[in-house]
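Participant: Below is a structure I'd like to ask you about.
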Amino acid sequence: MKAGLTERLQPAREQPVHGLRQCIHAITSRNSSALPGVAMLLIVLACNAFLQPDFFSADSLSSNLQNAAPVILVCMAQAVIVLLGELDLSVGSGISLINCVLAAVPSLTGWGTAATCIAALAIALAAGVCNGLLVGYLRQSALIATFATGAIWFGGALLLMPQPGGAVPEILGEWFAMRVGVFPLAAIPVLAAWALWALLQRHRFGRRLIATGSSADAVFKSGVDTRLVKLLGYVLAWLFVFGAALCISAQTSSGDARLGLPYTLNSVAAVVIGGISLAGGRGSMLGAICGALVLVLIGNVVYFAGIPSNYQEVFKGAVILLALGCTFIGARKPA
């Protein structure tokens, strides 16, 4: 009788362990493509910790999180588009346009902070709709279409602000500088974007977005309007672009039509480092976030190691090539 009772109790003891293993397996399988990006991030973190004894102090962590927030958001935006099987070369110009709106509109119109932010958000969403219509409904090449719209956004930024200047509402700068312990309030948009993405992954739209990037024709034949999926994907991405522009504007407190231009290629680089396939349909948002953090922290390594800043791009290129190699090797492995 005691032996029978032991046998009945044994599965109950093992069930939590078995459930934990299932949970870990589910997480790793969903984010397996991000493992090279995670590994690179750990290496860069170790290098920073070696070069900066106070790297893990509250002040240092908060400062790094503040610097990383806009980069993470724009990389998340590009990740949405790449997972969709497309590309957006206008995100950097869009950041510049939104930045110039935030810096110039209050003095030109007398609008308050809320009205100015709403106007900037409307412009961001309109840009997403424009790109989505061109790529999704008019079936134009994403490279050509977004290159063209990027030129328009950049031209609009130059019209608003031919020279750097203006003033972003002070409350944005105050918000960006605030923190609770080690946690900067600038990280709130990142957490909100991550939560929204995680929520959408549980919704059929999130699954359709990934499926469209994997095989748009097959998804279309199953009865899904892939044109609408692409349109909504671009709108979602530009919501993240708005968050990035808001953080950058709060950080700089002024406007500059050329401010956002480097973010376009950096966002693509982060996506590649994070293991997201440029062919679409394969990858995870975790990878894009790791890629963004790698790009931010590489600059710290170069600076604190006393290496000339010109070599930062060399390191960045080497990391991207390494990531491409890892992605290629992973793609050749049998399922």
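Glycine is treated like the rest: Cβ placed from N, Cα and C.
Just so it is clear, the model here is predicted, and its values are computed rather than measured.
Okay, so TrEMBL annotates it like this:
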- 34-53: transmembrane segment (TRANSMEM)
- 65-84: transmembrane segment (TRANSMEM)
- 89-105: transmembrane segment (TRANSMEM)
- 111-135: transmembrane segment (TRANSMEM)
- 142-161: transmembrane segment (TRANSMEM)
- 181-200: transmembrane segment (TRANSMEM)
- 231-251: transmembrane segment (TRANSMEM)
- 286-308: transmembrane segment (TRANSMEM)
- 314-331: transmembrane segment (TRANSMEM)
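Walk me through the surroundings of each of these features.
Facilitator: Within its own chain, the transmembrane segment (34-53) is flanked in space by residues 28, 60, 273-275, 283-284, 286-287, 290-291, 293-294, 297-298, 300-301, 304-305, 319, 322-323, 326-327, 330, which lie at least six positions past its ends and keep a Cβ under 8 Å from the stretch.
For the transmembrane segment (65-84), the residues of the chain that approach it from at least six positions outside its boundaries are 91-92, 95, 142, 176-177, 182-184, 186-187, 189-190, 193-194, 197, 209-210, 212-213, 229-230, 233-234, 236-238, 240-241, 243-245, 247-248, 251, 263, 266-268, 270-271, 274, 276-278, 280-283, 285, 287-289, 291-293, 295-296, judged by C-beta separation under 8 angstroms.
Sequence-remote contacts of a segment are chain residues at least 6 beyond its ends whose Cβ falls under 8 Å from one of its Cβ atoms, and for the transmembrane segment (142-161) they are 81, 86-94, 96-97, 99-101, 103-105, 127, 130-131, 134-135, 255-257, 261, 264.
Sequence-distant neighbours of the transmembrane segment (286-308) (same chain, 6+ residues past either end, Cβ-Cβ under 8 Å): 31, 33-34, 37-38, 40-41, 44-45, 47-48, 51-52, 64, 67-68, 71-72, 74-76, 78-79, 194, 266, 269-276, 315-316, 319, 323.
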